Amino acid sequence: MAMQLHAASPDSEHYVAKSPPPPPPLSPHPEPAPAFVKPKSPHVSQGGNAPVATATTPLTPGRVDRARHDHHGGGGGGDEATQLLNGIVLVLRAGAALLSFVAMALVASCRHGDWMDFLRYQEYRYLLGVSVVAFVYSAAQALKNFRRRRRGAADASFLDFAGDQAVAYLLVTASAAALPITIRMRSAVVNVFTDAIAASIALGFLAFAALALSAMLSRHA
């Protein structure tokens, strides 16, 4: 026991003092924390786990069509404007048919004998023929437009535009041809014959205006 105490005594010449371990060196530039690496694709699974869920909304066919329609037409404004134009064209053609029918009836009624007979004048015969053509064409076009609107089919076509222009040209030429002779007649005498012819000429000009406007609108529709 005495020998063990002697060996452990610090006065012993065999005693060696143990120094504490030195502290770790301090780095002047501490290493930054590892940055978070974002996966390349949200649909690629990491470590064999389930695919990562995303918040994207799938595009259904209805949404795709709506997006295309909004890009090109800006909503339903284009369709409403087209329907409005087609309705105006229908009214104009129906009005042209009515005006042409009344003008045709007035000219055909001018058979009062002697010089008060429209058959004696080439201008009035031409006016009657054009009024018949305008009435048949305008009534047929109005009926066709009405049926197509009920079916929801496409309305305007190049043939409709060209037909409106052609019949409108016939109406204005016939009315203009009958106007000078009628003015001369009315300067001499005013009676039922000259009044009926003057009214039919005025209706011919109105029918021309209706078909000309219909041609312009049908092209834009």
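Numbering starts at 1 and runs along the chain as it is shown here.
Backbone N, Cα and C atoms are what each Cβ position is placed from, and that goes for glycine too.
If you check Swiss-Prot, you'll see Glu80 and Phe193 are listed on opposite sides of the membrane.
Beyond the topological domain 'Extracellular' (182-196), the same-chain residues lying 6 or more positions past its ends with a Cβ under 8 Å from any Cβ of the stretch are 106-107, 109-110, 112, 116.
Cβ atoms under 8 Å from those of the transmembrane segment (161-181) belong to residues 93, 100, 121, 123-124, 126-127, 129-131, 133-134, 137-138, 141, 197, 200-201, 204-205, 207-208, 211-212, 214-215, 218-219 of the same chain, restricted to positions at least 6 beyond its ends.
Residues 174, 177-178, 181, 191-193, 196-197 of the same chain lie 6 or more positions beyond the ends of the topological domain 'Extracellular' (109-125) yet place their CB under 8 Å from a CB of it.
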